[in-house]
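Worksheet: one structure, shown below.
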């Protein structure tokens, strides 16, 4: 285990830098959900301070705007990133979007008594986060060895929940230890500038994706990049074989469509992948997790934890449960149980929890502004924690892993971009309607999400193909774009080509593997 980790140390380093974008996603969503519950923020921006949760229609309106505008920016950022990612590569595109995020974060931090500045900062930061969410899964998965790809690519979700949980506890801390003032909400909002800066600086020290380089015809750079990330010599058999597989896959894609990229999307196997990716990210949003994630303090107030500090504490525990469960699942679950089984079990578990929450909330509604937390409210809080355990071991990390691995090299940027844009589009829809739904239909909101979770399970049962342990190039065989026999023939041919080209490269590099 230790030796395998050491061998993949550069993959983990690249993942830690790239997934700062995911951490920012989690932090920015978590921080604003909790900041909106702070009395200091309400006072500075003229919101009612004598109501909790979504009892005030004005608070519900502003909350939905502040949260949903981020996701609106993310939607357009994800779409733009798909094209920039393909044209300029993974690394430079990530640099651009990290700068955009930093500008948006700075505007939010500088806001004072003008909710319009918060709105504009959220949109700009969303453009950056959306772009990162479209690129980082591609960048990481293209550098991961198949055996541990699920675990490493799934760290996208782990970084996300670490970011949101840190934001939850930070907001809880400032609510206790900083007096009600502008500083109380400005400090949590400003801290997001730190990981954004770390990401931008760290990207300067990484290498470009070998698969993107190979697709651009930059074979020497691709070979050097792959050898570097695998911690092997450029002529190592594993490196040579992987390069040959990449070359064979790209050539097959070109031959199938005569070099016209859009035609590839219409091939039966690719069409299935695009539709599956769209549906997977659609259902992830309708599981109800982001309704709780974005508005956790208000949700806990809705089920009976009425005090602001108590709801923030419950929110911090909620985030901590997500972090621990996601980590355990990535270490021992995702590459052992696979993608499909995890999605099926998770959907069933989450549906049960949502139905129980809705039933208890209907039969035992909390007493508004009571200092006493009822047994029914405690039970609902526990159900929310149990719900997120199921989500963190299934529909949290798995869709991002699945999306990043199923598409062919020439379409991966577009496929993941499409999936990320879908996620943000319906994320926007859910975050926009949640405050109004809780305000108007109450317990039926949880019933609605329970029905959605059942539908997710049916989708996974009939349409998800198991990808555990397969290389990225094997996905063409799994989805029927090419037969195993044809791939074996192409691999044998490209392997000979790779050995010949790598022999030529060795003649033109120094003893450290650098081109001369």
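The backbone N, Cα and C atoms fix where each Cβ goes, glycine too.
Note: TrEMBL annotation is automatic and uncurated.
The feature transmembrane segment, as given by TrEMBL for the ranges 117-140, 213-236, sits at 117-140. The stretch that TrEMBL tags with transmembrane segment, taken from the ranges 251-273, 274-296, is 274-296.
Of the Cβ pairs linking the transmembrane segment (343-361) with the transmembrane segment (442-464) and spaced 6 or more residues apart, 3 or more are under 8 Å, so the two regions touch.
Here the transmembrane segment (411-430) lies next to the transmembrane segment (61-85) in space: the count of CB pairs under 8 Å, restricted to residues six or more apart, reaches at least 3.
Count of Cβ pairs under 8 Å against the transmembrane segment (442-464): among 117-140, 274-296, 373-390, the largest is for 274-296.
Same-chain residues lying 6 or more positions outside the transmembrane segment (185-206) and placing a CB less than 8 Å from one of its CB atoms are 14, 16-18, 20-21, 23-24, 27-28, 31-32, 34-35, 38, 40-41, 44, 91, 94-95, 98-99, 101-102, 105-106, 108-109, 128, 163, 167, 170-171, 174, 178.
Annotation: stretch 61-85 has the most Cβ pairs under 8 Å to the transmembrane segment (117-140), among 61-85, 92-111, 152-170, 274-296. Sequence-distant contacts of the transmembrane segment (152-170), counting only residues of its own chain at least 6 positions beyond either end whose CB sits under 8 Å from a CB of the stretch, comprise 8, 11-12, 15, 19-20, 22-31, 33-34, 136-137, 140-141, 144, 187-188, 191, 195, 293, 296, 312, 315-316, 318-320, 322-323, 326-327, 329-330, 334, 392, 396-398, 400-401, 404-405.
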